[in-house]
Amino acid sequence: MPHTTAIINNVIPTNPLLMTLPSPNDASRGSVLSSEIDLYGHKTRRLSTKNYFIFYSHRWYVLAVICLLALSNAAIWLSYTNISRLTVPFYCQSSLEDINKPSSCDISYWSSQIFQMVGMLTGVLGMYITDKHGIKLSCILGCVFNATGALLRVISSMPITSIKARLPLMYLGQTLAAMAQPFFLCLSPKVAEYWFGDHQRAFANSLSFSANPIGVAIGTLIPNFVISTKDKSNEEEDTNQLFILNMILFTITFATAVLSFFIKSNKPPTPPSPSSATDHSPDFFIGFKMLLHNKMFYVQLITFGVAFATQWSFPVFAEQMLHEIGYSYIASYLVVLSAVAGTIGSIVAGNYIDKTKNFKGFINTSYIVIAIITLCINFHIRQPYFGQGQTTSAHIWICLLVIILGYFTIPVFPIGLELCVETTYPVAEATSSGILVITGQFQLFLLTFIMQYLHSTSWFYRNSIDYKNSPTISNTTFPVKCVEEYLTQNYLLTIDFWCLFAAFGAIFSVIFLRPRYLRLEYEIEEGLKTKSKKEKIINAENKTLPHN
C-alpha cells in the first residue's frame, strides 16, 4: 500500500510517538508485541520501544563522559587508602609506629570519610541543579570540581609546599573532589531515561555505575606501581612519589573536564521512549514530597544503602587487618579483584534486567549471596596463622571470596537506582536516585565510623593471648600462633558487626521488597494507546483510498 505510507508520513509528524511506530503489518509479524513474562510474572504480550524509536549515537559519548567522571572521582576517593606508610609521615610528620594509634592523623580513614560527609551535605544541591538545568551543566560542574580537587592534591605534594600547608591543601582538594559526587551519581538514571530506550536503560545504568568500581581499582593499583615498597625512604623520594601519583590522577580528571564541554545537549532531538516523550516530572519539591509518601521508597533506601556500605567499607577497615594476618602481598589487589568482578557482574545484571525486568528476584538473590559470603570471609580470617605468611591455598580462598562478594554486591547499585526510578515514577530521576545515593553514603559513613570505633575496643575479644598458660597450645609439637596475637586492634569484633549488617540487609530485602514498576506500566499503556491510534489513522485513510 504505497499510498497509505505516504499519507501516514504526512500525518504522523504531529505526534512524535506516532512518528516512529511501525505499521500494522509489522505488528502482525510480532515486531511490536512479543510474548513473554510480564512485570509481575504473568505471561503476556509486552511492547518494546527498540522497534519504533530513534536512538542517537551521541548517547554513547554522553555516557562515556559520565563514566570517566565517575572513574576518576572514585580513583581519587580511595587512592590513599593502602599507602598509610607513606601518607601519615608525609602529611602529619608522624612516625610509622604511630599509624595504628587512635590519636594518629589517619589519612586513609578521613580521606575516605570526607567523600561520604560532603556527599550527604551537598547531595540536595546536586539533585536540584541536575533536575533544573539538565545533564550537560551537571556533568560540567562535576568535572570542574573533580579536576580542581585533584589539582589541589598535586599542590599539596609538591616539594615547594610547606609542611604546615600540606595537610590542609590535601583535605581541601579531597573535599572539592567529593563535591563532584552529587552531580554525577544521580546522572546515571537520567542519562538512561533521556538517551536510551527501555531495552538498554538498565545496561546503560549498569555501565555508568560500573565506572565507579573500575575507578576504585585504578586508584588502588596506581599507588602500587608508583609508591616504593621499601619500609624506609627519604622525604624527597616520598614527595616525588606522591607528586607523580597525584599528577596521574589530575591528568585523567583534566581530560574528562575538557570532554564534558563537548556534550551537545541535555536531551536528544527525539525521545527514546514513551516516558521520556513528555515532561511528566513534577516540580522538585513536589517530587520530594511524593517520595516521602512512597512506602516502597523507604524500603529501597535500606536495600540500596546496605549493599553500598557493605562493599565499600571493606577496603577501608580491612587493609591493616589483612597485613597483620599474613595477606600483606595481596591486600591492595583484593579491592581490584572485587571491583573488576563487580564491573562484570553489573554488565551481566544490566543485560539480564533489560530482558526480564526481574528487579526483585535479582536484588533478593544478590543479598542472600552477600550475607553468605561475608560469613565465609569472617570464618576464613579466623583460621590459625603460623607467622610466615599465609599459605597459597589461603590466598586463593580469600581472593575467591572477595571476587564473589564484588560480583554480587556492586550490581545492586545500578540495578537499585534503576528500580528506584521505576517505583517512584513520575518523580524526576535525579531526585529519587540522588536521595538513594545520599542515604547510601550515610550508611557507609555510619558503618565505617562504628567499625573504626570497634577497632579500639576490647569487647568480646582480647587483643592478645597468653600462649604459655594455654594447655592446648603448649601440648603441640610446634609453636602455633593464632590470629589474635597478631591483631593490634579489635578487628574480629569489627568484622562480626560487618557480617551482621549484611545479614540484616538480606533479611530486610526478602521480607519487605515488593516493588511496583510504575514507569514500565506507563510505557506499556501509552505504547498500546499510541499503536491503537495509528491503526485507526491507517484504517480511516484506507477507506478514502480508491480500490484497484
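Glycine is no exception: its Cβ is also placed from the backbone N, Cα and C atoms.
If you check TrEMBL, you get these features:
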TRANSMEM  60-80  transmembrane segment
TRANSMEM  110-130  transmembrane segment
TRANSMEM  137-156  transmembrane segment
TRANSMEM  207-227  transmembrane segment
TRANSMEM  242-263  transmembrane segment
TRANSMEM  296-314  transmembrane segment
TRANSMEM  326-349  transmembrane segment
TRANSMEM  361-382  transmembrane segment
TRANSMEM  394-421  transmembrane segment
TRANSMEM  433-454  transmembrane segment
TRANSMEM  491-513  transmembrane segment
Could you give the residue numbers and ranges of same-chain residues that sit at least 6 residues beyond the transmembrane segment (137-156) on either side and whose C-beta is under 8 angstroms from one of its C-beta atoms?
62, 65-66, 69, 72-73, 76, 91, 126, 129-130, 165-167, 169-170, 172-184, 187, 243, 246-247, 249-250, 252-254, 256-257, 259-261, 263, 430
Which residues of the same chain, at least 6 past either end of the transmembrane segment (242-263), have a Cβ under 8 Å from a Cβ in it?
61-62, 64-65, 68-69, 71-73, 75-76, 79, 86-87, 90, 135-136, 139-140, 142-144, 146-147, 149-151, 153-154, 156-159, 177, 219, 222-223, 226-227
With pairs restricted to those 6 or more apart in sequence, evaluate whether the transmembrane segment (433-454) and the transmembrane segment (110-130) have 3+ C-beta pairs under 8 Å.
yes
For the transmembrane segment (326-349), give me same-chain residues lying six or more residues beyond its boundaries with a C-beta closer than 8 angstroms to one of its C-beta atoms, as numbers and ranges.
78, 81-82, 202-203, 206-207, 209-210, 213-214, 216-217, 220-221, 223-224, 311, 314-315, 318-319, 362, 385, 387-390, 394-395, 398-399, 402-411, 413-415, 486
Would you mind listing the long-range same-chain contacts of the transmembrane segment (207-227), meaning Cβ under 8 Å and 6+ residues beyond its ends?
63, 66-83, 86, 187-188, 191-192, 241-242, 244-245, 248-249, 312, 315, 332-333, 335-336, 338-340, 342-343, 346-347, 350, 406, 410, 413-414, 417
Give residue numbers and ranges for long-range contacts of the transmembrane segment (60-80): same chain, 6 or more residues beyond its ends, CB-CB under 8 A.
87, 107-108, 111-112, 115, 135, 139, 142-143, 146, 149-150, 153, 174, 177-178, 180-181, 184-185, 187-188, 191, 195, 204, 207-216, 218-220, 222-223, 245, 249, 252-253, 255-256, 259-260, 262-263, 315, 335
Same-chain residues at least 6 beyond the ends of the transmembrane segment (394-421) whose Cβ lies under 8 Å from its Cβ atoms:
188-189, 192-193, 201-202, 205-206, 208-210, 212-213, 297, 300, 303-304, 307-308, 310-311, 314, 326-327, 329-330, 334, 337-346, 348-350, 353, 359, 362-363, 366-367, 369-370, 373-374, 376-377, 380-381, 383, 429, 432-433, 436-437, 440, 515, 519
Other parts of the chain folded back onto the transmembrane segment (361-382), taken as Cβ under 8 Å at six or more residues beyond its ends:
303, 306-307, 310, 321, 325, 349, 352-353, 394, 397-398, 401-402, 404-405, 408-409, 411-412, 415-416, 419, 483, 491-492, 495-496, 498-499, 502-503, 505-506, 509-510, 513
